[in-house]
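Chemist: Structure in structure tokens, see below.
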């Protein structure tokens, strides 16, 4: 009887179940979207029960459509939208409030207060993160402060907190396992990434009782088993957990120090494996835990670009320049260059290395000769420039020179963008055969824990390249274009 690993990929807009075989190939997948709630401007929430329902639905659909029996599942891996916070009652399993999503800015005031009190350096030192509404800690504080009776219940030990991975493991195990992994814990603002413990000083600042917090475990081990009534009478090991970006790094087999991947989704997330060293950043990067495996912890540097794929959506929906995102490649290729046009897509501010949330988008160098093609090309090129900004920060912080960049996410299908990316970085850009690297990473972590795959060496050998893009542009020309981008950034920041 052939066995499989089931990967549950719980994202920001949808939940997916993907079956992988021993070769790391996708056998079948199912997807279900769920509701986004925007109670006030800048707030984003999800219904945690609806997310749980969507997970049960995609598991059932995936197995039945693939004609795979529950007993053929050797293990379950979970990867998740990071930072999103859920607080629920231990006794009933009912959330006391909606899940507050990573994008939500509703705790911005709490963050400002913490910064004013001078906690920034201490938080940075312990967690590798910035004080920002993006991370989970202030979201938990907000729920305890704003939901009637929540703080009292928490003090009495009646409430539990978890990021989405924790919530799903708790539900799947019938409330037996309240755990998270190192990669997710490192995004909460409450976890000390050096001594690998929840930090009492941080919890005190955020006024979060320790009794609410899950146990932190490696990213690849058996955390518990599914209860039979949630998994068709089977007790399947839940054996791998990692946050989405770290799972993608693992799925791309970036196991050695200095290897990096960039995911081109709504935004871009670039992670570089820094080995067993937590590299502190002086250039606006986050220091984070990549994964815990075989008794060791691997760290990573992370850069966040807020607008990537969403800039192409803007060309389609806002500017009506293309009918489909895929057309952008064809339009961009019709012209030799942008003819001096730069688009800075700072629609929601700028991420790494600038961290400026006040700045807004701008266009430079427009003349009477500027056409739609120039504009589309300049928008695509902005993704390449922003990635170079992040890479420069990574090389400066780590002292590691990037040899190749592995890429994944929706926009990597765009050959023009991938070629420009290689030209801008002056290193090869490698696109894998399997673009579902996030789900694959979670599957690999689970499979290693249950012996489905023997070792990371076996996984590394499975990584298969679709295409490598190598630099075709002269280095001098690349530098010239990039210095124009830096000027455009400075001018954009000056306009407020």
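Keep in mind that glycine also has a Cβ here, set from the backbone N, Cα and C atoms.
Dumping what Swiss-Prot says about this protein:
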- 12, 13, 14, 266, 309, 313, 410: ATP binding site (BINDING)
- 12, 16, 266, 309, 410, 414: ADP binding site (BINDING)
- 12, 82, 83, 134, 244: sn-glycerol 3-phosphate binding site (BINDING)
- 82, 83, 134, 244, 245: glycerol binding site (BINDING)
- 230: phosphohistidine (MOD_RES)
Chemist: Please name which of the binding-site residues listed here, 13, 14, 266, is nearest in space to residue 230 (phosphohistidine), Cα against Cα.
Modeler: 14
Chemist: So, in DSSP terms, is residue 244 (sn-glycerol 3-phosphate binding site) helix, strand, or coil?
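Modeler: Note: residue 244 (sn-glycerol 3-phosphate binding site) is helical by DSSP.
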Chemist: Report, as a single number, how many Cβ atoms besides its own are within 10 Å of the Cβ of residue 13 (ATP binding site).
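Modeler: Around the Cβ of residue 13 (ATP binding site), 12 other Cβ atoms lie within 10 Å.
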Chemist: Using only C-alpha positions, which one of 12, 16, 82, 309 is spatially nearest residue 245 (glycerol binding site)? These are the binding-site residues in the record.
Modeler: 82
Chemist: May I ask for the distance between residue 313 (ATP binding site) and residue 414 (ADP binding site), taken between their Cα atoms and rounded to an integer number of Å?
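Modeler: Per the Cα atoms, residue 313 (ATP binding site) and residue 414 (ADP binding site) stand 14 Å apart.
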Chemist: Just jot down the residues in the same chain as residue 266 (ATP binding site), at least 6 apart in sequence, with C-beta under 8 A of its C-beta; none if empty.
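Modeler: Correct list: 12, 307, 308, 309, 310.
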Chemist: Return the member of 82, 83, 134, 244 nearest to residue 414 (ADP binding site) in space, with distance defined Cα to Cα and candidates limited to these binding-site residues.
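Modeler: Closest candidate to residue 414 (ADP binding site), judged by Cα separation, is 244.
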Chemist: Could you give the Cα-Cα distance between residue 13 (ATP binding site) and residue 82 (sn-glycerol 3-phosphate binding site), in whole Å?
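Modeler: Rounded to a whole number, the Cα-Cα distance is 13 Å.
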Chemist: What is the maximum Cα to Cα distance, in Å and rounded to a whole number, among the residues 12, 82, 83, 134, 244 annotated as binding sn-glycerol 3-phosphate?
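Modeler: Comparing all Cα pairs, the maximum is 15 Å.
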Chemist: I'm trying to understand the geometry here, so how far is the Cα atom of residue 14 (ATP binding site) from the Cα atom of residue 244 (sn-glycerol 3-phosphate binding site), in Å to the nearest whole number?
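Modeler: Roughly 13 Å, rounded to the nearest whole number.
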Chemist: Return one of helix, strand or coil for residue 82 (sn-glycerol 3-phosphate binding site), based on DSSP.
Modeler: coil
Chemist: Neighbours of the sn-glycerol 3-phosphate site 12, 82, 83, 134, 244: Cβ within 8 Å of the Cβ centroid, same chain, sequence order.
Modeler: 80, 81, 84, 101, 102, 103, 187, 243
Chemist: What is the number of other Cβ atoms found within 10 Å of the Cβ of residue 230 (phosphohistidine)?
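Modeler: A 10 Å sphere around the Cβ of residue 230 (phosphohistidine) contains 17 other Cβ atoms.
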